[in-house]
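Residues or ranges marked as transmembrane segment by TrEMBL: A:23-42, A:49-77, A:97-116, A:123-145, A:172-191, A:221-246, A:258-280, A:292-313.
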Amino acid sequence: MSEMTQTAAKPRIERSATASRTYTIFVIIGLAALILAPMFFYPIFLMKLLCFALFACAFNLLLGYTGLLSFGHATFFGGAAYFTAHVVKEWGFPPELGILTGVVGAALLGLVMGFFAIRRQGIYFAMITLALSQMFFFFCLQAEFTQGEDGIQSVPRGHLFGFIDLNSSTNMYYFVLAVFLIGMVIIWRFINSPFGMILRSIRENEPRAISLGYSVARYKLGAFVMSAALAGLAGGLKSLVFQFATLTDVAWQMSGEVILMTLLGGIGTLIGPIFGAGLVVTLQNYLATSQFPVTIVTGVIFMVCVLVFRRGIIGEFYASRLGRKLGFEHRR
Amino acid sequence: MTMIFGIPLQAFLGQLLIGLINGSFYALLSLGLAVIFGLLRVINFAHGAQYMLGAFAAMLMLEYFGINYWVALILGPIVVGLFGAIIERTMLSRLYDLDPLYGLLFTFGLALTIEGTFRYLYGAAGQPYSVPTQLAGGTNLGFMFLPIYRGWVVVVSLVACIGTWLLIEKTKLGAYLRAATENPVLVQAFGVNVPVLLTLTYGLGAALAAFAGVLAAPIYQVSPLMGSNIIIVVFAVVVVGGMGSIMGAIVTGYMLGIAEGLTKVFYPEASNIVIFVIMAIVLLLRPAGLFGRDA
């Protein structure tokens, strides 16, 4: 794992006071921008962006902070979308319970997939997660409740806590924003907890973590389930935003997309994936109206990123002169 | 009518044949993956795309230049192999010092690019490629009807697999390859040009995939998506077999193809996922894979 992890940011505690101050300012600016954003942009677009940003950050928890490349995260994202859509539409669950169902379902899927995948490392881990998620794709294709090729359509958004009408797009936007922020705080707390520190030690030097007496497999599984649950949070939210859940969300291309978002934004940086997701989603929106296929652009960006831009946007920023002046450190 | 396990013998053998054919492609592709991984430590995600390129090469050669199947069977792999060699030389070779995951991500991007381009140019729908006249028709074996082309695919892919195995295990070039797998620095010190060896290996792997693609063209529809459909299954095959041994990759490919075919007879709903289920079981019982050496 060592090379991949060199792109990672230094642990937060080592960051200088300047960096902390800069960080706080950035967070405040970011928050203000997100709160005001619906005045300037199309709310659905913003909500999509936030869902994918959360998805990418959840994924980065695994790749950036534990050093595990999962090629099967579509399972958790799309699976949760199906679960949420199903319970909300067929069983009449309120939105908050619907999303919770999605999260729990995704966590369980993560537990099963993680159980098999952590038996191998590196490249095999990626292939196993890909294969298992393809298996889940076929399951969704044939299972009754997903309604096959049609997907679950016209999912009602309902009323949050019984009194906030989510059919209003303003209400929905602030609900999505709140969930997104909760998700980000969870991720932030998680990676700065003792658990997160142990994950980083596994990423940096697995044999050493083992020799220090840590049950590496259990920590990896824990990180995997956590990442899956948060990806599920994003997926469940997405099915309420768009009011449908389809096979696209569980297909392997989705797993590839989230990898690209993370890579583009900066592997192992807390906020990088948000920028990566923003760029990819914007690009998709832009290309959707043209004839040019997204796949080619995605593929080329992938190749370019891997060849010359491995630190990603935020990683490059941290490593740049300005970034270092602001107190960020970035090893290479 | 003869029955076997409550299934008409005809249907049973028919599915067995289909399984054997799928197995031939799994074997050829996982063999190529194993050869590339052995030396380059790169999982070639673009393997499926190169397989698709082989099928398209055959189709386009016929369409634009009237080149027939037999020539395409040689020319297709050469063209795709050269393409692979160029990619390796210009781009992939820059990633050897990094984590192997970057190689996987790069070839994933490459696969998306190739697939997207062909979808853009030729649409997502499959196009037929007719069976060469010499191999058209079928023969009645008494217990089943065998389309000649399918028999040909099984035989020729077996020959290609064994040929590759012999090349790697029994020739001088193969000895260099194996030595470079063990210790590239030492082999370089003995005066072997290892970078060229790497390029050659990647080209050979790509050519093998394209060869499988040309073989597949008359059986499956030639479609831009044919590669990504098969590559994920082949990954599962590789996890089951372990990439430590060439022969392991071949044997596992055939075995899983047959297992898939038989599942189609007994429990059709599960035929899509049976290989993944087998993979999961193998991971439980023998995490390193059936023929694997590395942990």
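Every residue, even glycine, has its Cβ placed from backbone N, Cα and C.
Tertiary proximity for the transmembrane segment (A:221-246) is limited to same-chain residues at least six positions away from its ends with a CB under 8 Å from its CB atoms, namely 44, 47-48, 50-52, 54-55, 57-59, 61-62, 65-66, 68, 70, 73, 75-86, 88, 95, 98-99, 101-107, 109-111, 113-115, 117-118, 146, 150-157, 166, 172, 176, 179-180, 183, 186-187, 190, 195, 199, 258. For the transmembrane segment (A:97-116), the neighbouring stretch richest in Cβ pairs under 8 Å, chosen from A:23-42, A:49-77, A:172-191, A:258-280, A:292-313, is A:49-77. Using a Cβ-Cβ cut-off under 8 Å and counting only residues 6 or more beyond its ends in the same chain, the transmembrane segment (A:49-77) has close neighbours at 1, 4-5, 8, 34, 106, 109-110, 113, 117-118, 122, 125-127, 129-133, 136-137, 176-177, 179-180, 183-184, 187, 190-191, 196, 199-200, 202-203, 219-220, 223-224, 226-235, 237-238, 241, 249-256, 258-259, 261-262, 265, 267-270, 272-274, 276-278, 280-282.
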